[in-house]
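Here is the structure we will look at, set down as structure tokens.
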Amino acid sequence: MSATTKGGQEPVAPTNIRKRRGVQAEGDTESSTAQDGIGHAPTAQYEQSEDQEQAKLRQANKSYGRTPDGTVFTVPTTHDMVSQLLDPRQPKNLSDVIVLAILGMHILAAYALPSHLKRPVFAAIFIFWRASYNIGIGILLRVQSQHKLLVVKAKKWGIFEDPASGKNPRPWLYHLLKRELEAKIPEDYKLEEAPIEYNTWLLFRRVVDLILMCDFVSYCLFAAVCGSTPDGEAPWATVARWVMGWVLVGLNLWIKLDAHRVVKDFAWYWGDFFYLIDQELTFDGVFELAPHPMYSIGYIGYYGISMMAASYDVLFISIIAHLAQLIFLVVVENPHIEKTYNPPPPRSAGQMQPLDGAKDADSATRDSPATVHNMLGFKNIDLFRVPDYTTILLCIYLGVLSLATPKTEFWQAAFIVHAVLCRLWFSLGLGWILTFQSKEKRFTRHFVKYGESAGEAWRQWKGLYHVSTVMCHGSFIAACWKMYTVPADWTQEWSILKHVTGTGLVALQIWTAVSIYDELGEFGWFFGDFFFNNRTKLTYRSIYRFLNNPERVMGSLGLYGAALITWSRAIFVLALISHLLTLAFISYVEKPHMQKIYGQSIREEAGLTKFVKRSLPPPVKEWSDSVDKVLDEAKAFVEDFVESARPKLAAGVSTIVRDTTALFNTYPARLTISQLNPSLAGLDPKQYSLSLEGTVAQKAASGRSTGKESIHGRFPKDVKTLVLEYGAPIRVKWTAPANHSKNDWVGLYMVIDNRSREVTEVPSQGRWVPTCPGVYDRATDGGIITADKPLPSQPDMVQGEMVFEGDRLWWTQGTFELRYHHDGSHNVMSVSEPFEIKIGRFDEDLDEEVLATGGGVYERAVESELLPLVRNCLDRDPEIAPSTVDEPFGSPVERDSKYAKRVVYAIHHMFGIEFAPAVVPADGNVRKLAWRICNAKQVLAPYSMSKSRGTTTPLGEKFLETL
């Protein structure tokens, strides 16, 4: 599912539509009642009033959909796929018969196949249907989300067009679809009246029904053919296994039903990929229990079925299917949810971006930009930074020591003691520092006493905490390695199950740590509000929407997972000690500071707690309240006792720090050679032409003569190569015969990429625009300005205009060309003149005289050069690109790193200064970025890429005089 909507809320639909339909319904009721009630006025009046109330109630319960073009329509009531297929009261159609027949063939195969073929065959069948779900449906939804491709294809093929209009080439298909779809929705639906987006979604639903039902049935059949009772299993173990399995299956069924109650068919079948319902996004019921419950806890039934089947084959295929579903969530659904329900906010012109506490921490002055050199994550490792260098050396030390020493009792005890000491320092030592930092800023005062700033104290603390975290978890892993022994027989003592369960717990802790870091950032991860007064308010998003302190339990699951894998008492005791210290740290370090800083804004109960309490029966609620009261009194007594004794207890957060990053797969250009299309016969390439225009680079067209050529080679050439600005839009005009193919397209390529001028050998990688709209998807039509305009001088010729901008450009320097292709192929009809895209070097010859006048003048000069460059890098989009040096960048700059990478690339080639992409969203406007450039050039003056102005080598007689 991609979203959740509150079914009980009244939809925000246009009032006139609702009023008009309500009046019409009331009028119909009145007329019918009047006809039936002649001579029975009181009864007729009563029935009329009752019918009116029912009509109003039905009208109020209706939902209204809205298509991308703004069309509002009534969303008919639909039913879930199980009811549609198996409920005899629901109308049936041909597609139901087909689905039931395919399911019957699956069941028949489970009985008919030989025993030795059942497992591999049904494993292959389930993998096929699971791939159809995660890959097939995933591709369809992704192209629909990005390009509305399913709707575009439905329009292009005319499958929902009335044959009477003459636009439908397949009348039989239209009548079949009309009969099939209207049979399922007897009320409020007519195929010819519904928007094409809704009709396309209904057709998509039928495909989804087939895949989901076959996926579930094939999985159950695979579990059935693999099920068995282990040899020597005790009766109590068999009963416990089946009871626990059915409990998990029942819980899974309840999760699915409650989720469907909340989201209805609209979100269950990814309706918001096609249209939107005028209702608010909400989270209710099971959606308060866990993040993405349909894909997280919604698959626990798989493990219940695996438990009842007592088969590792079923368990492993369940894990693979669950992982595939999570990948589907990350790749397909999450990007669409972010785009649809969390779009970037509009940029307020002229409003400066405030710096948060983390940025204030690293800012030396009011005007200086914030540092963006993050500490966590493999991508942020920097060997020039002392904490990173230290952690790598310590990890090498631990690894070498673990591998070089034998697994004797002495060394095992030594590694356990070492892990305990590291945990005690991480918990008690760092907890003591944070406690006094919260009360009297002792850590910061120490650095201020020696003339350092609060920012320096913050940086030193981050390094200390980072090294301590790595040592704490590294020593624990080393101790586990010393205590671990590879099982001699994996089939004995539940060895496989212990390893699988332990690995799952470790993965869950890693996911928890990543979720916490993604939500808190570096400032929250390193307890930044202990050092600075953070002006932001508490927000409960991501994992914090369900849990107030996720590290309390989930942050230590990996420790117990390691204890399961090693099956060692010492590791279990070490995990228990670590968990207890984590709980103490939360209670005596974090919680008092949170109450001191945020006060009443702290939430008392998380979403999971509220959900569990609401689900309890009244007697259990009363008992729970009494237990909570006793625990609160006992807690108050313990706190008073501890405060009176004044021991400072501290503990550390026991979480594994691993910053996972998105993997960007870079595919190499695949060479393709296309054969000449027979449709080229009779076409004259001379009738095709391309011309272009764009913003000419003023400083890039410098002479290429270096003085090393011959006399003839030093003269400038007569023909000047067109040189365009980096990132500026390129307007292209084309001409072609009037009978040219509507599938023609123009692509942008580097000159060196293609050896042939007749056939293009490399893919365009998205840098192309069709000549005519409506042929390809909607996204590609965005580059079309005009199409097929007749030439007044040549009636048999047409012309058009298009623009290459944004992602259709090459964001690098080089020599490029445009190619006109025929009929959707790679056959070239025309090639434009080559042109260059260059970034002009900043005119640094004026540095000395400008700096003599004042550094502010030099900074203004940098700003004036930087502003148009940044505007080009931000696609000249008024919602993103600034119009002045003080105007902040749009929020997409922070969301999509491509903009920042463009800017730092351009700065590197214009000013000779190399920045990390993260500095662009951190600075937030051109003025701060210019300040950073000026400051960097001043610091790196002897090492910059600028021309040297130092003392030159003496020449001639002056050199001889110096000898």
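Cβ coordinates are placed from backbone N, Cα and C, and glycine is handled just like the others.
Here Swiss-Prot flags 1-96, 142-206, 256-284, 333-385, 435-463, 517-569 as topological domain 'Lumenal', drawing on sequence analysis. Per Swiss-Prot, region 'Disordered' is recorded for 1-73, 341-367. Feature annotation from Swiss-Prot assigns transmembrane segment to 97-117, 121-141, 207-227, 235-255, 285-305, 312-332, 386-406, 414-434, 464-481, 496-516, 570-590; the stated evidence is sequence analysis. Under the heading topological domain 'Cytoplasmic', Swiss-Prot lists 228-234, 306-311, 407-413, 482-495, 591-963, citing sequence analysis as support.
Same-chain residues lying 6 or more positions outside the transmembrane segment (312-332) and placing a CB less than 8 Å from one of its CB atoms are 119, 123, 126-127, 130-131, 133-134, 138, 141-142, 145, 219, 222-223, 226-227, 292, 295-296, 299, 302-303, 305-306, 496-497, 500.
Per-residue confidence over the topological domain 'Lumenal' (142-206) averages 87 (mean pLDDT, predicted model). If one looks beyond the topological domain 'Cytoplasmic' (306-311) by at least 6 residues along the same chain, the residues whose Cβ comes under 8 Å of a Cβ in the stretch are 223-224, 226-230, 233, 241-242, 244-246, 248, 318. Taking pairs at least six residues apart, the transmembrane segment (570-590) and the transmembrane segment (207-227) share fewer than three Cβ pairs below 8 Å and do not count as touching. Here the transmembrane segment (97-117) has long-range neighbours at 85, 125, 209-210, 213-214, 217-218, 221, 224-225, meaning same-chain residues at least 6 beyond its ends whose C-beta is under 8 angstroms from one of its own. When Cβ-Cβ distances below 8 Å are used as the criterion, the topological domain 'Cytoplasmic' (228-234) is approached by residues 309-311 of the same chain, each at least six residues removed from its ends.
Secondary structure of the topological domain 'Cytoplasmic' (228-234) per DSSP, as helix, strand and coil residue counts: 0 helix, 0 strand, 7 coil. Across 121-141, 207-227, 464-481, the stretch most heavily in contact with the transmembrane segment (386-406), judged by Cβ pairs under 8 Å, is 464-481.
Among the stretches 121-141, 207-227, 464-481, the one making the largest number of Cβ pairs under 8 Å with the transmembrane segment (285-305) is 207-227.
Counted with DSSP, the topological domain 'Cytoplasmic' (306-311) comes out as 4 helix, 0 strand, 2 coil.
Mapped onto DSSP classes, the topological domain 'Cytoplasmic' (407-413) shows 5 helix, 0 strand, 2 coil. Break the topological domain 'Lumenal' (142-206) down by DSSP state and the numbers are 43 helix, 0 strand, 22 coil. Away from its own ends, the topological domain 'Cytoplasmic' (407-413) comes close to residues 479, 482-483, 485, 570 of its chain (Cβ-Cβ under 8 Å, at least six residues beyond either end). Panel annotation: around the topological domain 'Cytoplasmic' (482-495), residues 402, 405, 407, 411-412, 415-416, 565-566, 568, 570-571 of the same chain, lying at least six beyond its termini, place a Cβ under 8 Å from a Cβ of the stretch. Taken residue by residue, the topological domain 'Lumenal' (517-569) breaks down under DSSP into 33 helix, 0 strand, 20 coil.
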